[in-house]
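Taking it in order: structure first as structure tokens, then the write-up.
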Amino acid sequence: MSEVKAYGAADSKADLKEIKIERRVIQPRDVKIKITYCGVCHSDIHTVRNDWGGSKYPVVPGHEIIGKVLEIGNEVENIKVGDTVGVGCMVDSCRECEPCKQDLEQFCEQGMVGTYNGRDKHLGGHTFGGYSEEIVVDNYYVLRVPENLDENAVAPLLCAGITTFSPLNHWKVSKGDKVGVIGLGGLGHMGIKFAHAMGAHVVMITTSPGKAEDAKRLGADEVLISKDTDAMKKHANSFDFLLNTVPVGHDINPYLSLLKIDATMCMVGAVEPLEAVHGGSLIMGRKNVAGSLIGGIKETQEMLDFCGEHNIVSDIEMIDMHTINEAYERVVDGDVKYRFVIDMESLRN
Ligand code: NAP
Ligand code: ZN
Ligand code: ZN
């Protein structure tokens, strides 16, 4: 085992501060990674603050990890020392159940092992994420990063990227479809970029009129202010697909009125009760509400390769590790364009 520096929270009310954690000795299929950058996902904040219940402390968040390979186990073939690699939201799963066999490890019947707050099969206790100097991960869950992309801006692809790419892919968004992305934050800004790259007519649906210009720069063809009821009416029954990234429970009925007959709104943000859905919002137009959780390892690699081909990365603001608590407040206030990424050198110094 080796001891490394990390940033963690002792309980749901505590700030994050420097702590020490253990990383396991590398096993034959493991990869030891020196973490260079780690994105800040809203899920990190939900977990630190125990918004969803079940958080295990100390919480060391971080599941948008980029780093350099320091060491590999003797059975690792596809990764070399010195490679730039990524780790997302999962570090293990059973690999035997139907979902695992179908490359849907995020839905593993035994429960996938989260990069943080998962059950640590090796050391006991729970897993610690990317707000740390190093991590040891089974090579199957380690992703290759396209060489043409900026490493620091790639970090958020490991969660915000795959979480938005996967539903757009699954519901086969393609050229000419009218797609709405609801909520312009870390996930939403990736949703716009992907839907645009897939050839859709993209409408950014936001509560923040001040983000309109950015939305267009990111690839939106139109901006719809969700609080403007007249504007919402003009777009009624016109969307082929909606991707809803709002991080809290809310009233989805106004959004359902935007869908065409048989169209789907996929929820990825609110992992908590939604306000009551009026049956008529679904019945009138045979509409669907669905959900999606990150994406499997194979699809995550496809997403990274797609980003390499289309030159897609996140719009990021780099921060030092010791400013993380202020950064959390800014994410909650919607004041980030559009993803914080921690320069992990700042933890080593
Ligand atoms: P974020 O950066 O905070 O962005 C969320 C955006 O939603 C905000 O910028 C805001 O955009 C909008 N919003 C916030 N509060 C709202 C409200 N009350 N009503 C309507 N819109 C509101 O968060 P994120 O990192 O993108 O994450 C979004 C959510 O997805 C989080 O809950 C996170 O835990 C979850 N998540 C899920 C998965 C998954 O696999 N399903 C993966 C990663 C994250 P506007 O100003 O444009 O309205
Ligand atoms: Zn995340
Ligand atoms: Zn499984």
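Any Cβ shown, glycine's included, is placed from N, Cα and C.
Here's what TrEMBL has on this protein:
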type: DOMAIN; residues: 28-147; note: domain 'Alcohol dehydrogenase-like N-terminal'
type: DOMAIN; residues: 186-307; note: domain 'Alcohol dehydrogenase-like C-terminal'
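The domain 'Alcohol dehydrogenase-like N-terminal' (28-147): residue composition by secondary structure is 17 helix, 38 strand, 65 coil, according to DSSP. DSSP labels the residues of the domain 'Alcohol dehydrogenase-like C-terminal' (186-307) in these numbers: 48 helix, 29 strand, 45 coil. Across the domain 'Alcohol dehydrogenase-like N-terminal' (28-147), the prediction's mean pLDDT works out to 97.
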